[in-house]
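Just below is one structure, and these are the notes that go with it.
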């Protein structure tokens, strides 16, 4: 399932990707601070040993999974994806991981399930900013089931073939390349299949600014800034901006939203 | 006084140099814009501290006030220049941003309001304008408030830092509303 998911013109190679150093030094992981360089400084405190993921809701095989239970034996692939942040900067990242669909197959999705809810670990002792005013941790996110089952959607465990750094969401995180980066929740400890659309952290903070879908869309601006262009990270002082692509360039997901008004379901 | 100008110019140049050699992180354009914006706001706040400081402690730094204000304007020019020339790299985009992004509109308004203040910062203008000079330069109060709004409207997540800035600004402006003992007597004699 590795190829055929991106049109050849938009397929990316490692040479297009940001360096590992860039990817590890410029992060949004608010539990470790609001500034981009803070997660790299503080996320070392996160304890990732004996990681468990609680699987529940409308599944055949609920329970507390080790990483080996959850993804062991599944096909690990390298996927070089564009990452577009809602703040209008972007990167290219060579992830390694498994398709979320494979994991959902393993845990057994029941008939009534229509959404997948995810939760980030909460370790207040390690996360100095976890009590930040205006935020409410643990961080939660969600996908519609068909989005979760799409072959582009990954559970990533590495970058450049190396295990994820904590600031990048170790030991396991979601990657949904056609959505703004905040959908790709980090350091997952809970996966719940639900019938109802789950609440997400940013929608709870401001539903006018951050919708459930959060598809990259140059035609639908954030209320406070334009989404038409983006500043690629790592191009230096004179690199400028470039145009943002619909669905971040992953047009193959368009059928998922056929008939929906993406200005309403932003 | 020249120390204020030299210090400001050196700081602006130093940051730009760091960005040039790649020592300002992986997103140097955004980092520069952020630092210059904060720098201008901080200098304005320092400038607004000078009058209450003299009134309540007797310490007069009045001779530095023009240099602080002009330095703030200079840093604000750098802030805008990096945004327009290095980030957007297009005048038409700048026009669209000013028209469509409320926080950019507000920021530009603050910049425009500072232009007459900078232009009337000569001894000659101060002499010629008399009391009107003081009235005109009260625009600084509007500039700092607009500057804060411009900053607050783009923050994502952190609510504490904008709140700290706002409380400092409110205190500095509020101190000016306290009744003036001597001023009242003078007014009464008129």
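Using the three backbone atoms N, Cα and C, a Cβ is placed for every residue, glycine included.
Automated prediction, rather than curation, is the source of TrEMBL annotations.
Features of the protein shown, as given by TrEMBL:
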| type | residues | note |
| --- | --- | --- |
| DOMAIN | B:49-147 | domain 'Ferric oxidoreductase' |
| TRANSMEM | B:35-55 | transmembrane segment |
| TRANSMEM | B:67-86 | transmembrane segment |
| TRANSMEM | B:101-119 | transmembrane segment |
| TRANSMEM | B:139-156 | transmembrane segment |
| TRANSMEM | B:162-178 | transmembrane segment |
Among the ranges B:35-55, B:67-86, B:101-119, B:162-178, the one whose Cβ pairs under 8 Å to the transmembrane segment (B:139-156) are most numerous: B:101-119
Beyond the flanks of the transmembrane segment (B:35-55) by 6 or more, those residues with Cβ under 8 Å of it: 8, 11-12, 15, 61-62, 64-65, 68-69, 71-73, 75-76, 78-79, 82, 140-141, 143-144, 147-148, 150-151, 165, 168-169, 172-173, 175-176
Across the domain 'Ferric oxidoreductase' (B:49-147), average pLDDT on the 0 to 100 scale: 95
